[in-house]
Amino acid sequence: MPKVRTKDIIEKFQLELVSGAEGIHRPITTSDLSRPGIEMAGYFTYYPAERIQLLGKTELSFYETLSLEEKKMRMERLCTDITPGIIISRGLEVPPELIEASERQSVPVMRSTMKTTRLSSRLTNYLESKLAPTTAVHGVLVDVYGVGVLITGKSGVGKSETALELVKRGHRLVADDCVEIRQEDEGVLVGSAPELIEHLLEIRGLGIINMMTLFGAGAVRTHKRISLVIDLELWDPNKQYDRLGLEEEKVKILDTELTKLTIPVRPGRNLAVIVEVAAMNFRLKRMGVNAAEEFSARLTDAIEDGEHDYE
């Protein structure tokens, strides 16, 4: 099923539908737009017909210099059976030749009052967001001190309980159990909850609770960029866990690598506080402050000083 259709951008940007109403359900498959300036001159060899076509003052002013026959030919070739739509910006008058051709091919022709560059930018951002590669991950996404923390782990390890404690401590829930992740840009992953379970949290023994109703609108978010992955696992006495934090583990989601921390779970450990400190420490590292490296440097200096004293 197509993620975006022409009718979606008509509603989103409040576009005026001028003609070609039969084609408003055409799918939009790419976020790239086309400004068919060279096509107005008659060169259609590399015409990207599958894109939204955006006509501004430049294209239409050149179009007006053409003869009537040329105008008809250009618009006939501009309107194809795979063109999702043609948008006229700045509220400019729509050429009658375009209306005729669009009605024949059922290509929606829309008009916007926005300036061409602004419309192009907003439309591209919207389509990139909607058409971004997506995946779904089993886990909980929480906004902790402005850091999007994805908490993963096996069922029953305590992900939802940790999220509940974090919300009680003033942080915000984004998604529980299933996190839908979109790669909106290179290195940018944005997580959100499926519409069916938005703002809901499941606690074993309590059932499903509505976090917005219980804690207010300030306790939830609709989406958040993911910066850190924390994997909860049951404590294994035979496994060596990182005690210094010098080595940074990575996990790949879609085409993006994220920092991953593995936190062992055992009775008596306050996971919510650990997640809070992990988020703050992650922010410090991004600001250039690394406690593990500072300790390592101090230790090296102490060893070297000791060797000099021994000599």
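Here, residue 1 is simply the first one shown, and the rest follow in order.
Backbone N, Cα and C atoms are what each Cβ position is placed from, and that goes for glycine too.
The active site annotation in Swiss-Prot covers His138, Lys159, Arg243. Positions annotated as active site, proton acceptor by Swiss-Prot: Asp177. Here Swiss-Prot flags Gly153, Lys154, Ser155, Gly156, Val157, Gly158, Lys159, Ser160 as ATP binding site, drawing on sequence analysis. Here Swiss-Prot flags Ser160, Glu202 as Mg(2+) binding site, drawing on sequence analysis. The feature region 'Important for the catalytic mechanism of dephosphorylation' is assigned by Swiss-Prot to 264-269, with sequence analysis given as support.
This view paints the features noted in Swiss-Prot onto the structure.
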residue : record           : Cβ contacts under 8 Å, 6 or more apart
His138  : active site      : Thr152, Asp177, Cys178, Val179
Gly153  : ATP binding site : Gly139, Lys159, Asp231, Leu232, Glu233, Val265
Lys154  : ATP binding site : Glu233, Leu234
Ser155  : ATP binding site : none
Gly156  : ATP binding site : Arg204
Val157  : ATP binding site : Leu232, Glu233, Leu234, Val265
Gly158  : ATP binding site : Leu232, Val265, Leu271
Ser160  : ATP binding site : Val140, Asp176, Asp177, Leu201, Glu202, Ile203, Arg204
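As a summary of secondary structure, the region 'Important for the catalytic mechanism of dephosphorylation' (264-269) carries 0 helix, 2 strand, 4 coil according to DSSP. A count of other CB atoms within 10 A of each Cβ picks out Asp177 as the most crowded of the recorded positions Asp177, Glu202. Look at Gly153 (ATP binding site): DSSP puts it in a strand. Long-range contacts of the region 'Important for the catalytic mechanism of dephosphorylation' (264-269) within its own chain (CB-CB distance under 8 A, at least 6 residues past either end) are made by residues 153, 157-158, 232-236, 239, 241. Over the region 'Important for the catalytic mechanism of dephosphorylation' (264-269), the average per-residue pLDDT in this prediction is 82. Taking the centroid of the Cβ atoms of Gly153, Lys154, Ser155, Gly156, Val157, Gly158, Lys159, Ser160 as the ATP site, the other same-chain residues with Cβ within 8 Å of it are Leu232. In the three-state DSSP scheme, Ser160 (ATP binding site) falls into the helix class. Around Lys159 (active site), a 10 Å sphere centred on its CB holds 26 further CB atoms from the protein chains shown.
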